[in-house]
Amino acid sequence: MDRRIFGIETEYGVTCAAPDGRGLSADEVARYLFRKVVAWGRSSNVFLRNGSRLYLDVGSHPEYATAECDDVRQLVTYDKGGERILEGLVADAQQRLEHEGLPGTVHLFKNNTDSAGNSYGCHENYLVRRQGDFARLSDILVPFLITRQVLVGAGKVLATPRGAVYCLSQRADHIWEAVSSATTRSRPIINTRDEPHADAEYFRRLHVIVGDSSMAEPTTMLKVGATDLVLRLVEAGVIMRDLSLENPIRAIREISHDRTGTHAVQLADGRTMTAVDIQGEYFRRVREHVDAHGINDADPSPTTKAVLDLWERGLHALESGDLSSVDRELDWVIKLRLIERYQAKHGLELDDPRIARLDLAYHDISRTEGLYNLLAARGMVERVTTDLEILESTAVPPPTTRAKLRGDFVRAAQDARRDYTVDWVHLKLNDQAQRTVLCKDPFRSVDERVDRLIESM
């Protein structure tokens, strides 16, 4: 595909900590978080002026789905914009709690597991063409998605009967199938439920649910950018060596529990390879393809070059055992370094409760309390986007995709105080005429029908 539509859906963990331990339940906190949203949107499921969707998911998890983006860097920006929007909800909820004399501090975490062992997700969406063999696409992608955690995992301190261990991925231990149409019951790597949110005759949405939520901007860039490049490889018809794993679910756990990336996993054909070897094979094939053909016969963009550079440096760091070249860019390495410094300073074992609190605090989206955000404020991690672009993304839709039509419509309807209904493909004025515009092309940012609908308000 010359252009691809990307989107990220992030479920956030929520808690209300009180000094006496009697904080509000997650359900109660979620209601406070969404009071303001329900007040103006009459629902806890709304589309925003920036084209994104904000809603309360199953299990009291606030969820933010980015607007459609057609550029990886743009997606990183809108993903971060979601954090800022949710941070605003936290501030409002905190104010309401204090006004009502209720104790406790509300925290939102961009992570994937809670202390009770529940898991919530970060789902990546990639638009692919309907034509082509989706089963082949999935077969080639699964080993890549299982092994990419050595680079883009969020890191996690896991308590085991033999003591605490530092794992690469928060999500790996909660995945039960390679490919399935379910998202919660079996938690597959790729979800096959066919909801393209586009013209189903031409497009299909690849729904990847195995990934961890990322705090570090370069990690998000690599996670989505490398997956896009592998998809382009498949779409170009490049023949890949079969890297199918004998037992994908066992492999994803074993890889997560070995932070060196050197644990050998069994392939379906009887060979054994390490996660780094498998990732290296994908990287080399992608690099060869980009060097030979560019990206769709165009020169690689600065973002593509940055993705390839970080992918290569990450693999070299794992091969050499020296992670210093990526300890400002990859989440699991940034957090590991933070934990190691804290352990050394205070003489702590990995299973100390203070380490668990630090692990969690890394993912707090607060810019004043979240450890990742404090590192970013001090210039201790690398950036992909800017604070100004992130701020703009909270209010303005991406200008190059269907999200602009949706965002402009929502803004106009709200300003005109008109009753309206929107979803990913429909824009509707709830007046006597019930006028509706169907927007099936996610690449289209200009539409005379939408212009007329807005002018009629």
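Placed from the backbone N, Cα and C atoms, the Cβ positions cover glycine too.
The shown structure was predicted, so the numbers you read here are calculated from the model rather than taken from an experiment.
Taken from Swiss-Prot, the feature active site, proton acceptor applies to D57, supported by sequence analysis. In the three-state DSSP assignment, the secondary structure recorded for D57 (active site, proton acceptor) is strand. Non-local neighbourhood of D57 (active site, proton acceptor): E11, E63, Y120, each in the same chain, at least six residues away, with C-beta under 8 Å from its C-beta.
Taken from Swiss-Prot, the feature Mg(2+) binding site applies to E9, Y55, E63, supported by sequence analysis. Under DSSP, E63 (Mg(2+) binding site) is assigned to a strand (E or B) in the three-state scheme.
Sequence annotations record features per position, and here Swiss-Prot assigns ATP binding site to R53, T66, W424.
Cβ neighbours within 10 Å of W424 (ATP binding site), excluding its own Cβ and spanning all shown chains: 22. Note: the Mg(2+) site is recorded as E9, Y55, E63; in the same chain, T10, E11, R53, L54, D57, H61, P62, Y64, A65 also have Cβ atoms within 8 Å of that site's Cβ centroid. You'll find the Cα of E9 (Mg(2+) binding site) roughly 13 Å from the Cα of W424 (ATP binding site). Long-range Cβ proximity for R53 (ATP binding site), meaning a same-chain Cβ under 8 A and a gap of 6 or more residues, is found for N45, V46, F47, Y64, A65, W424. Apart from R53, T66, W424, the ATP site neighbourhood in this chain, defined by C-beta within 8 angstroms of the site C-beta centre, holds G7, E9, F47, G51, S52, A65, A67, E68, A403. Of the recorded residues, T66 (ATP binding site) and Y55 (Mg(2+) binding site) place their C-alpha atoms 12 Å from one another. Counting other CB atoms no more than 10 Å from each candidate's CB, the binding-site residues E9, Y55, E63, T66 peak at T66.
Annotation note: W424 (ATP binding site) sits in a coil segment as assigned by DSSP.
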